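Visitor: The structure follows.
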Amino acid sequence: MNKPSEVKPVALNVPDYVKHSGLIAWVERIAALTKPDRVVWCDGSQEEYDRLCEQMVQGGTMRRLNPAKRANSYLACSDPSDVARVEDRTFICSEREEDAGPTNNWAAPQAMRETLGGLFDGAMRGRTMYVVPFSMGPLGSPIAHIGVELSDSPYVVVNMRIMTRMGRKVFDVLGSDGAFVPCVHSVGMPLAEGQQDVAWPCNPTKYIVHYPETREIWSFGSGYGGNALLGKKCFALRIASTMGRDEGWLAEHMLILGVTSPKGRKYHVAAAFPSACGKTNFAMLIPPHGMDGWKVTTIGDDIAWIKPGPDGRLHAINPEAGYFGVAPGTSEKTNFNAMATLKANVIFTNVALTDDGDVWWEGMTDTPPAHLIDWQGQDWTPAIAAETGRKAAHPNARFTAPAAQCPSIDPEWENPKGVAIDAFIFGGRRSTTVPLVTEARNWVEGVYMAATMGSETTAAAAGQQGVVRRDPFAMLPFCGYNMSDYFDHWLKLGRRLEETGATLPRIYCVNWFRKGPDGKFVWPGFGENMRVLRWMLGRLDGQAGGVDQVFGISPAYGDIDWTGLEFSPDKFEQVISVDLPAWRAELALHDELFTQLAARLPEDLPLTRTAIERRMAA
C-alpha cells in the first residue's frame, strides 16, 4: 500500500469504554492513511443524531421537513451522478479469480490494494472521520455479527443509526478481542484549507471493494445508499454470504414474515424477489377482504441471515434495524403499512418537496401536486412533466425508516434466536411462462427453481417480450463468491439437515406478473397474494390439494380460497398454465446460465433439468 505522506498524526480521541486494541490500531492506521482533520467515535445517541442532522441542514445536504407533516424528518438530495448502486464498480477481490466466479467483477487483491492505497491517501483531508460501530442483528444474538465503518460522511452516520444497531452498546458486545468486519468509506473529496464544501460530496471515480478472505470492505467515491451504508448489501450479503459458506449458514436477499391463521397457528416464511418485484409490499401484506382472521407480521423486508438451530431447523433473523426502501410506487393503496411507517423520524433521499414542506413521489397519490421542487432542486409541475417527461422524484429515491415504527412489525422481530422458517418463496417478474405458484417436490428441485429464476429487465416494446435477466436466488449482484459454489452450498445444507432428520422448509416459486392478451396483469396482486400464501401453508399442513406439473406442483382452481374475490377459472388458467413450447425455450435459457457456470456447477442441477425435459416428453 502507498506510504502515507508525512503529516502530524490526528488525535484519535479514543473513548475510555473502547477496550479493543486491535480496533484502535486499525483506526489509527486508517487515520494515518486518510488524514482527516479529526476523529469522532459515534455513540448512537439521539443527541448525536440531531446534531449531525442539523450540521447537514446548515451545509445544504439536507432540509428539515415540516414537523407538522413529518416529525423529525429530513430530505436529502444527492448529486445527480450519485443515485444508485454501481454494479460495474463493485469488485470481489478473492485471492483466486475462480472463487469470485463468472458473475462477479474480480480484481487481483494486491493490485486493488495498491489502487485504493493511492485513492485513500489523504482522501479525508479537511473532513471528520466518524467511527461507526454497528451490529447486524440483535446485539448479542448467536446469529448476529459486528462491523465498524470508518466514514467521512455524516449522512452515512445518521442512516446507519436507523439501519443498524449502532453506537456505544456495540463495544460492550465486542469487548477487548471480539471479531468485527472492518469497513472503510470515503466520499473521495478532500478539502484544501479554506475550500468550501459542496452539499453532496462525491467523486466520479468509484470503487466498492470486498476482500472475502479478510472480511474487509473498502468503498470510495459514492455517498449513496448501498455504496456507502456498508452494513447493507456489502456486509449483510456479499461478505456475510462468504462467512456463511465457510461456517455453514446462509445470508440471503430475502424478506421474512410471520403468518398467523384464524386458529392461532403461526408460520414463518422467507421470500426472495429481485428489485421491483414487490418485496417490501409482500413483507407488509394486509390480508384482503374475505380472509378475515389471518394476520401477517413483518420481521424483515430485504435481508435474512439463516442458521441451523439446536433443534435442527433453519432459524432466521433480520440483520437490519430499518427499511431502506424505494419510494416511487409506494402509496396507501400499494403498501399501507410502509406509508404508516414513514410518518416520523425518516430520512428521505431524492424525493420531491411540496410547497408545504412535505414529500411527494410518483405513485404516492393519483393526482400530483400542482407545484413541487424536484429532486434536483428545480421547479416541477404536471405541465412540465407532460412536456419533458421529467420525474419529480428519482426512480431510485429512497426512505430510511426505523423498523420498530412499522404497524405490522412482528413481536419476534428482535428475538436473538431468530424464527424457525417453514417455507422459502422465490419469485421474479415474468409476463409469460412461469406459473402463479409452484411447489418444489423436494429440496433439489427447489434449489433448481431458485437457481434459474429470472426477471424481465425491459418493458415490452412494440409487442416484443422483455429481456429475461437470470437472477439466481435474487442474489446475482450480491453473492460474494462463485455462484456455482453458492448453489452447492444450498444443496449441501439441505443434505446435512436431512441427515439429522430435520424437517426442511418447503420451497415455492411464484410469479405475480403474468399478462393476458391485452398486455395487462391478470393476477390482482398486493393483498390478494395472501390467497397464494394460504395455499402454501395448507400444503405444509397436508390440508391443500395440488396438481403435478412438469415443474413442481401447482394448485387447481378449487384449491385456492376465493372468498371475497371475483376471479374466474379462465383467468386462473391464464396465470397457472404451463405452455410446453414456452418451457422448451425456457430450458434452453437455463442451459445458457449453466454453460456460463459450468466450471463448478453441481451435477444435481443438470440432472434436474433432464428430469423436467423427460416429464415434458412423456
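Backbone N, Cα and C define each Cβ position, glycine as well.
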Visitor: Which one of ARG85, ARG534, ARG539 goes with TYR224, GLY225, GLY226, SER275, ASN396, ALA397, ARG398 at the substrate site, as Swiss-Prot has it?
Guide: ARG85
Visitor: Need a hand: Swiss-Prot gives LYS233, ASP302 for Mn(2+), which of HIS253, HIS268, HIS315 is also on that list?
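Guide: It is HIS253, as the record lists it for that site.
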Visitor: The GTP site in Swiss-Prot includes ALA276, CYS277, GLY278, LYS279, THR280, ASN281, ARG398, PHE526, GLY527, GLU528, ASN529. Which of ARG429, ARG496, ARG506 is also listed there?
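Guide: Checking ARG429, ARG496, ARG506 against Swiss-Prot: the GTP site match is ARG429.
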Visitor: Among all protein chains shown, how many Cβ atoms are found within 10 Å of the Cβ of GLY226 (substrate binding site), not counting that one?
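Guide: I get 23 for this one.
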Visitor: Quick check for you: of the binding-site residues TYR224, THR280, ALA397, GLU528, which have their Cα within 10 Å of the Cα of LYS233 (Mn(2+) binding site)?
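Guide: So far as Cα distances go, none of the binding-site residues lies within 10 Å of LYS233 (Mn(2+) binding site).
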Visitor: Can you tell me which of the binding-site residues TYR224, ASP302, ALA397 is spatially closest to GLU528 (GTP binding site)? Compare CA atoms only.
Guide: ASP302
Visitor: Could you list the residues of the same chain, at least six apart in sequence, whose Cβ is under 8 A from the Cβ of PHE526 (GTP binding site)?
Guide: GLY278, ASN281, LEU285, LYS333, THR334
Visitor: Using all protein chains in view, find how many other C-beta atoms are within 10 Å of the C-beta of ASN396 (substrate binding site).
Guide: 17
Visitor: If we count other C-beta atoms within 10 Å, could you say which of the recorded positions CYS277, ALA397 has the fewest?
Guide: CYS277
Visitor: Which of SER275, THR280 (the binding-site residues) has the most other Cβ atoms within 10 Å?
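Guide: Of the binding-site residues SER275, THR280, the highest Cβ count within 10 Å belongs to THR280.
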Visitor: Compare the Cα of CYS277 (active site) against each of the binding-site residues ARG85, GLY225, GLY226, ASN396 and report the nearest.
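Guide: Result for CYS277 (active site): the nearest of the binding-site residues is ASN396.
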